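These notes concern the structure reproduced below.
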Amino acid sequence: ESLQQGNLSSPSVFLLLGFSSAYRAQVTLCLCFSLIYLVTVLGNLLIMTLVWLDTHLHSPMYFFLGHLSFLDICYSSVTLPKILRDSFSLQKTISFVGCITQIYFFLCFGGSECVLLATMAYDRYLAICHPLHYPALMSKKMCHCLVVVSWLSGSISSLIQAFLTARLPFCGSNVIDHLFCEIPFLLKASCSPNAPLNKAILYSLAGTIAMGSFLLTLVSYVHIIGVVLQKGAGTQRAFTTCASHLTVVSLFFGTGAIAYLVPHSSGSKAMDEILALLYAVITPMLNPIIYSLRNSEVKEAIRKALHRGVLQMSTK
């Protein structure tokens, strides 16, 4: 009996309800997700390559941007390939170990991105508000330390959350009403009498990373806007470099906050799925597009790379 209860409390496989099972809808979704994943990978690889090869982009801001692009590829790769495979599967399943692993990496890359976006805001704050001390304050060693901190923050927080989630009892309930494994939906499926306490602990861990990063970003930009308004035209050009970052921050934190702070029982299943796609799939795809379209230095680097490519082809 105890063995049976143990099996019931820890299902070996979860069933993901996902999207519509209609064949025509599955084909459409598969094509859309394939295109999104292709654009995400190629776009972010382009940014990483430009930052690596173009000497004009060898600065702290673009160093962080290169790492952000790498994080975006990893972040979307945690969920999109599985969603793509499930779009043609009659039984959308994932093993218990696979589910916890997906939660770990999803939170790891997401948390690391939160901290890295805050780091990029801090970098812009130093560049605009303390330009004379900027080279000393944002040295190469400091840049590497900040990237390591972002990775460690995401890794440690997600490890604790994944461990706590893995210990939740499910009492034979193995249905997750979502596209992929995510903590709020596993808490919903759990039969733990301490569900509110578990939820509070898990959300406080995620909130510490997300809210801490958001507040640091907010404080940085309050100071930046204050300096721009005070000094006028001299710093307004420098502020234009922040526009792309502000757009990315708004998309990432905005959609994530709505998805996690709004009670899931108050919204429809379709709304939950749309929000999940926005912060897990769409934002990593839009980031390289936003930075390339709104940043003159990135556009110039792309133009030079294309010019070199045309010259090499013509010489051959």
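Even glycines carry a Cβ here, placed using N, Cα and C.
Automatic prediction, not curation, is the source of TrEMBL annotations.
Note on TrEMBL: of 11-32, 143-164, the range annotated with the feature transmembrane segment is 143-164.
Sequence-distant contacts of the transmembrane segment (200-229), counting only residues of its own chain at least 6 positions beyond either end whose CB sits under 8 Å from a CB of the stretch, comprise 107, 111, 114-115, 117-118, 121-122, 124-125, 128-129, 153-154, 157, 160-161, 164-165, 183, 187, 235-236, 238-239, 242, 246, 249, 253, 256-257, 260.
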